[in-house]
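Here's what Swiss-Prot has on this protein:
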REPEAT    2-95  repeat 'Solcar 1'
REPEAT    107-199  repeat 'Solcar 2'
REPEAT    208-293  repeat 'Solcar 3'
TRANSMEM  8-28  transmembrane segment
TRANSMEM  72-92  transmembrane segment
TRANSMEM  114-133  transmembrane segment
TRANSMEM  178-198  transmembrane segment
TRANSMEM  211-228  transmembrane segment
TRANSMEM  265-286  transmembrane segment
Amino acid sequence: MSTTTGAFIAGGVAACGAVTVTHSFETVKIRLQLQGELQAKQDAAKKYRGVLHGVKVILQNEGPRGLFRGIGSAYIYQVLLNGCRLGFYEPLRQGLATTIYQDAQVQSLGINVLAGAASGIIGAAAGSPFFLVKTRLQSFSPFLPVGTQHNYKNSFDGLRKIHTSEGVSGLYRGVGAAMVRTGFGSSVQLPTYFFAKRRLMKHLGMEDGPGLHLASSTASGFVVCCVMHPPDTIMSRMYNQTGNLYKGVFDCLFKTIKTEGVLAIYKGYFAHLARILPHTILTLSLAEQTNKIMRRLEDRFLSDSLKENL
């Protein structure tokens, strides 16, 4: 394992590579989640009828630019989120294992889940303003609008306008939902990945390499999507509003279910799956490679004493 700083950089680089491929599905997912917001099912117009239809109508009306709205914010967010999630996971896991078992190498499902959740929550809090702007940019459409519309020129224009109109607290609107959502996802992403990796090596005799990384990250992606989607829907709605629709996470959850039915929290699930599977596969597979590169660079340029402090 590279140093904490090295793992942070490796995780951020890997996530940026992944988000380049999967960002368009994230745009469709957000619009599906906001479609028919707080409207009875029979009254809600279906402007986007699924993943492929969503991609099609956005391309027809807005071009490729429409699918990649908010990509700048997405890069910054991914560096902060996955840098923290992948960079802090192992130090937190080892610290907890040392505290409880007096052995940093002990593998415990409970400790792994807790370390994953904690590292994800740290990343979600750090990157929340950029995810807020990203969500608002992606939901905006001059042709087929859904939810509250925010016409920002770019990510930094969005940050400036939010700060001017809503203050610092506005930049952190929905951060509670983001921490719950990412805590759920992170609590299972890395533990599932490493669990699948160990089992595949032990029972199927797979060797450490791209094939093992692909299989392990696929299993992790499925589990992450199932656990994370309901809080993800709530987070999208909390981020996109300006404080006029929901008082908090539970208010948003109850209003959504009461007005649209319980299945409303699974709106955009298949778009999320289309996004999270390749994103998880690419992030974790690329992270294996970027970590190896960081380790080689650290071994070449850093002394042992300096590595212990990073």
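Each residue, glycine too, has its Cβ placed from N, Cα and C.
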Structural state census, the repeat 'Solcar 1' (2-95) (DSSP three-state): 75 helix, 0 strand, 19 coil
Message: Let's see if you can do this one: DSSP helix, strand and coil counts over the repeat 'Solcar 3' (208-293), in that order.
response: 73 helix, 0 strand, 13 coil
- prompt: Are there residues at least 6 beyond the ends of the transmembrane segment (265-286) whose Cβ is under 8 Å from a Cβ of it, and what are they?
  reply: 11, 13-15, 17-19, 21-22, 25-26, 28-33, 35-36, 50-51, 54, 82, 189, 193, 210, 213-214, 216-218, 220-222, 224-225, 228-230, 232-234, 253, 256-257
Task: Work out, from DSSP, the number of helix, strand and coil residues along the repeat 'Solcar 2' (107-199).
output: 73 helix, 0 strand, 20 coil
